[in-house]
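Noted in TrEMBL for the protein shown:
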- 300: active site, proton acceptor (ACT_SITE)
- 21, 170, 205, 300, 303: glyoxylate binding site (BINDING)
- 74-76, 103, 168, 196, 276, 298, 331-335, 354-355: FMN binding site (BINDING)
- 128-139: compositional bias 'Low complexity' (COMPBIAS)
- 1-405: domain 'FMN hydroxy acid dehydrogenase' (DOMAIN)
- 118-139: region 'Disordered' (REGION)
């Protein structure tokens with residue numbers, strides 16, 4: 001349950017390649033350190049004698065009432081951590097009522113994840129699910145503010161049933177393929193589109209380079225492409241050829257432009273659309289200008305640009321600039337329930353969590369994910385109460401003070 005020990009525990013249960021793919025970052029990992037240290041510089045000022053014996057963690061995100069502000073971040077290639085893969089995590093998400101973000105780099109199809117999340121799947125016309133080549137059996141080592149009437153669903157569900165599902169898009173250059181993927185997501189009840197902007201090419205990650213490890217080359221994390229009727233006509237007689245084709249599609253090395261968002265909006269329709277990877281006020285304001293419903297303040301957990309500013313460092317100024325116009329979510333460096341609380345107090349409406357539950361997955365699959373997430377929820381609930389905060393609405397800047405203690409770096413790293 002100690003988050004500082006969880007990473008070391010996970011390392012004992014998976015091979016070095018899989019472990020470093022999760023734990024590694026860009027360059028010398030200084031952005032990862034910046035993320036952690038940014039949290040340490042904000043301190044909670046508890047208030048006493050308040051009626052907070054029972055807390056309410058529920059909040060509203062994109063017109064849906066959710067039981068807590070914690071979201072499961074989009075992590076790719078989950079089969080390399082445990083055979084339960086994305087389906088196991090999606091089932092835990094439904095159980096706990098947490099929004100689950102499915103990565104384009106998934107080792108499980110859009111439809112199968114929807115089933116695990118409690119929905120009835122809708123497969124693309126002409127697709128035989130049993131005939132789709134699968135890489136999921138690989139061994140572990142190899143705004144506008146959304147108007148309330150935009151989406152009206154019971155707490156913790158989507159229109160297709162089951163849990164709350166968002167789809168994270170690594171944006172292909174091929175419009176036909178993009179439309180096909182989005183159609184599959186919409187028809188399977190993924191209610192929010194999360195467009196990742198910072199990974200049109202992979203960052204410089206020494207741990208993966210030292211291990212000569214890019215899982216996509218072996219077909220791992222390619223399942224959404226392999227199960228797509230538009231992508232599948234590419235050569236499939238060779239897993240290597242098909243994998244290389246998908247890599248060139250998902251991580252093309254070509255960045256899209258702001259103007260391209262108009263076309264993507266037409267493809268997705270009026271459902272909520274969120275940009276992930278925003279680190280500057282200027283980009284946040286452009287997101288508003290281009291009609292986005294939300295943004296995720298994120299540096300990809302330190303995996304893309306070494307020496308990048310910590311995400312929490314820029315969260316307050318971004319919230320101040322656009323927090324009344326779009327839904328601002330937060331991602332990067334979150335390890336504890338107290339971290340979630342601090343991000344909420346600095347203006348985030350919801351907080352994405354990634355590495356901690358991945359480490360739990362390495363240890364015990366679905367059960368490990370469940371225990372880590374339950375621990376985070378417990379930590380958030382208990383810490384809110386002890387700080388004198390009764391509900392998410394009570395999280396505000398007045399709860400925090402910015403402090404700098406030299407010993408924090410030793411305690412955290």
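Even glycines carry a Cβ here, placed using N, Cα and C.
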Taking Cα atoms as reference points, which of the binding-site residues 21, 205, 303 is nearest to residue 168 (FMN binding site)?
303
Cα distance, residue 300 (active site, proton acceptor) to residue 276 (FMN binding site), nearest Å?
9
What whole-number distance in angstrom separates the two most remote CA atoms of the glyoxylate-binding residues 21, 170, 205, 300, 303?
19
Which one of these binding-site residues, 333, 335, has the sparsest Cβ neighbourhood, judged by other Cβ atoms within 10 angstroms?
335
PLDDT averaged over the residues of the domain 'FMN hydroxy acid dehydrogenase' (1-405):
91
What whole-number Å value do you get for the CA-CA distance of residue 331 (FMN binding site) and the residue listed as 'active site, proton acceptor'?
7
Select the closest residue to residue 355 (FMN binding site) from the following binding-site residues, measuring between CA atoms: 21, 170, 205.
21
List the Cα distance (Å, whole number) between residue 303 (glyoxylate binding site) and residue 333 (FMN binding site).
11
Measuring Cα to Cα, how many Å separate residue 335 (FMN binding site) from residue 170 (glyoxylate binding site)?
25
